[in-house]
Amino acid sequence: MKVEHSPTDSTVERPASMASDEPLSKVPNDDKTQSDVAASSQEVLQTEDTRDFVTWDGPDDPENPKNWSYAYKWWVTGIVCILSLDVTFASAAPTSALGFIARDLHVSAETANLVTTVFLLGYVAGPPLWGPGSELLGRKQISLFAIGAYAIFNVGQARAQNFGTLLVTRFFAGVFGCAPLTNVGGIVADMWDPVGGGHALGVFVASVFIGPVLGPIIGGYIATSHLGWRWVFWVLLISGGACTVFGFVFLPETYAPTLLARKARRLRKLDPVANKNMFAKGENKKWTLRELLRSTIIRPFTMIIFEPILLLVTLYMSLVYGIIYGLFEAYPLIFIEKRGLTIPQTGLVFIGVGIGAVLAVAVNWYFLRPYPRLLREWRGFPPPENRLPPSMIAGPVLVIGTLWLGWTGNYASIPWYVPAMGSILVGMSIILVFISCLSYVVDAYLMYAASAFAANTMIRSGVAAAFPLFTTQMFKGMGINWAATLIAGFSLLLAAVPFIFYKYGPRIRSGSSFAPCTDLKIAKELAAEREKEREEV
């Protein structure tokens, strides 16, 4: 299914309030984001206070992350994907050990599910800290500080003598651990063009979901071995510490304003007299509390309330994200209680989701093939709706996969590998929905994408945190088959979201206060040029 918007498809007029004769990149904006700063730092400007703004040494400056080699960009992308995989692995690693935790810390099985919930609640609290922090201190510094702190909090979990201590340290591990997830989108945008960024984003999303797949597998083997459940957290400490050291050694800084600020300081140090007025744009900016609150809290929640595109996309992504953590509760019922598999064997069934993730990356790459042509036709800003076809396919596949898993898993007479095959479809469709929808949000909101990401991350993490609290009771009370049917019904309902936005997205965006709608302006320019050509003929 190859569906594309052509320049003639977007005929929606932008309202007068959004019309401008200037390129959108030059529209004044007090809250400059990375893309604004990167665009404006292509020239050396003289300010009224006589300071010279330091910029790149021409368009081919090797210090500019955009000019790094293709291989090195993938090396850096691989590093941040490893960091993301490590912290998402931590979100699910204890799930296979919850029975042992409940026994040793004297809590019920239902209460033990809070171990997963509080970690995901940390994902809700963390993004307002790490997103703006990366713009103040740089991507590398804030990400590695946070993942180092995350690793240390695993000590408290490994040594916890009561359930309260475990929950508190688990929550803060989630708060600090979500930093790589929050900043990886910015790191990808710092280096890649839209085509390469689409490929890199696909690999990142796959790593985010492969982590929870590996968690029950490795955690199950550790918890059932002579090491015991506490060693699940010792392993998280070791892996988190190793990732921190590895990142400090090999991960470069990618944020253009931070790199230019370093360059300015280097020039001032080289010749304090001649270069005393050399500063990077935005260097030493004094952030007020109001500005910080607006960019970290107020703007994301304003967008999620008043932007229908972001709201519906976030609801859809929240459901599919919650399904993954709901599976952690359904799999023991399907494969342990009904089929007699061991905890480690049940963990291995999650490999099906991992296979689906790999297939999703391949499908995403297929859909990116026409993107270079679209970029040329649309002068660098094709309609964001061209990102939606993968999720339009994935929605119905998710419904089929969920029904397959639930109805075949409900009957013990059906071999274990039949419902396991359904998890391949579930995994593939979930990753495709994420890749497609995240790309759509980035292209739709451009300079406000960071705020949109923050709102999306907080809401979907909060929804996913709730899933472990009710899914076990739901699967037991309704039956695995009918509980899966209920989830599939909601999935089918929300599967209409990408279709709606594919058809009506340009019109909805034209009324947005945050979506720049560059493609609509370009469509008008192209139409005017064609009309002029016809008149000349």
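Even glycines carry a Cβ here, placed using N, Cα and C.
As annotated by TrEMBL, region 'Disordered' applies to 1-60.
Sequence annotations record features per position, and here TrEMBL assigns compositional bias 'Polar residues' to 35-47.
Through the fold, the transmembrane segment (74-100) approaches residues 68, 109, 112-113, 115-116, 119-120, 123, 143, 147, 150, 154, 173-174, 177-178, 180-181, 183-184, 187-188, 191-192, 200, 203-204, 207-216, 218-220, 222-224, 228-229, 232-233, 235-236, 239-240, 243, 246-247, 250-252, 254, 325, 328, 343-344, 346-347 of its own chain, all at least 6 residues removed from its boundaries and within a Cβ separation under 8 Å. Look at TrEMBL and you will find 74-100 (among others) tagged as transmembrane segment.
Sequence annotations record features per position, and here TrEMBL assigns domain 'Major facilitator superfamily (MFS) profile' to 76-507.
According to TrEMBL, the transmembrane segment annotation covers 112-130 (among others). Counting only same-chain residues 6+ beyond the ends of the transmembrane segment (112-130), those with a CB under 8 A from a CB of the stretch are 90-92, 94-95, 98-99, 101-102, 142-143, 146, 166-167, 170-179, 181-183, 296-297, 300, 325, 328-329, 453-454, 457-458, 461-462, 464-466, 468-469, 472.
Per TrEMBL, the feature transmembrane segment maps to 167-189 (among others).
The annotation transmembrane segment is assigned in TrEMBL to 201-224 (among others). Cβ atoms under 8 Å from those of the transmembrane segment (201-224) belong to residues 77, 80-82, 84-97, 100, 181, 184-185, 188, 231-232, 235, 324-325, 328, 331, 342-344, 346-348, 350-351, 353-354, 357-358, 360-361, 364-365, 427, 430-431, 434-435, 438-439 of the same chain, restricted to positions at least 6 beyond its ends.
Annotation comment: TrEMBL describes 231-251 (among others) as transmembrane segment. Outside the transmembrane segment (231-251) by six or more residues, the chain places 75-76, 79-80, 82-83, 86-87, 89-90, 93-94, 97, 140, 143-144, 147-148, 150-152, 154-155, 157-158, 173, 177, 218-219, 222-223, 225 with a CB less than 8 A from a CB of the stretch.
The transmembrane segment annotation in TrEMBL covers 309-328 (among others). Remote same-chain residues near the transmembrane segment (309-328) are listed as 92, 95, 116, 120, 209, 212, 216, 303, 350, 353, 398, 402, 423, 426, 429-430, 433-434, 437-438, 440-441, 444-445, 452, 455-456, 459-468, 471, 487, 490-491, 494-495, 497-498, 500-501, 505, 508-509, 512, 515 (criterion: CB distance under 8 Å, separation of at least six residues from the stretch ends).
Counting same-chain residues at least six beyond the ends of the transmembrane segment (348-368), those with a Cβ under 8 angstroms from any Cβ of the stretch are 2, 195, 198-199, 202-203, 205-206, 209-210, 212-214, 216-217, 324, 327, 331, 335, 341, 389-390, 393-394, 416, 420-432, 435-436. As annotated by TrEMBL, transmembrane segment applies to 348-368 (among others).
Under the heading transmembrane segment, TrEMBL lists 388-407 (among others). Counting only same-chain residues 6+ beyond the ends of the transmembrane segment (388-407), those with a CB under 8 A from a CB of the stretch are 1-3, 320, 323, 330, 334, 360, 363-364, 367, 419, 421-426, 428-430, 432-433, 435-437, 440, 480-485, 487-488, 491-492, 494-499, 501-502, 505.
Here the transmembrane segment (414-442) has long-range neighbours at 185, 189, 198, 201-202, 205-206, 208-209, 213, 309-310, 313, 316-317, 320-321, 323-324, 327, 334-335, 339, 341, 349-350, 352-357, 359-361, 363-364, 384-385, 387-391, 393-395, 397-398, 400-402, 404-405, 408, 449, 452-453, 456, 498, 501, meaning same-chain residues at least 6 beyond its ends whose C-beta is under 8 angstroms from one of its own. The transmembrane segment annotation in TrEMBL covers 414-442 (among others).
Residues annotated as transmembrane segment in TrEMBL: 482-502 (among others).
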